[in-house]
Amino acid sequence: MASSGRAIQYTIPAREDFSKLSDEQKTRVGEAFDLFDSNKDGLLSYEEFRFVLRALGFELPKTQTYDLLVRHGQKPPSWPLDQECPPVYRLFNLPTAQAIAGTLIRQRDPREELLRAFRLFDVDGKGIISQDDLRRVSAQVGNNIPDADMLAMIEEFDASGKGGVDEDEFLRLMMSKK
């Protein structure tokens, strides 16, 4: 039974941005895809795709993710060829997910990404990364940095002696690493 009405055109997103990513970034995209491909069929549902994007640091609004699904989602292999596939059933394969992730990664604002990283440390929103913040994050990642080393880090980068590294100091430090 063929569907009536307007057929939706599926487009394959350009992979130029993905090809320009570093090997590390490409690996992260592939690992996120593999992690959330729950049935290991090489295809992601809409929900799995949203998890992949979150794992890569993107919190896209549902409307934007849904638009990607409408434009780039593909019919499941078992879907009848003569029937239109509603977006809710469409899937993303690895090349499509890589292309979309590549574009999103290349569009990132490095400063905004660093501020997001700062906020991961400064969960209380006090405007500085303190020794307590470093201790908490160190424990969360399973890295036991001695208190003396954490204090030395804070003192080295705390230009004004306030007992922590503020956003500007963090940005200067991280931007000098690039």
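Cβ from N, Cα, C; glycine included.
Residues or ranges marked as domain 'EF-hand' in TrEMBL: 24-59, 109-144, 145-178.
Here the domain 'EF-hand' (145-178) has Cβ contacts under 8 Å with residues 110-111, 114-115, 117-118, 126-131, 133-135, 138 of the same chain, all six or more residues outside its ends.
Here the domain 'EF-hand' (24-59) returns a mean pLDDT of 95 for the predicted model.
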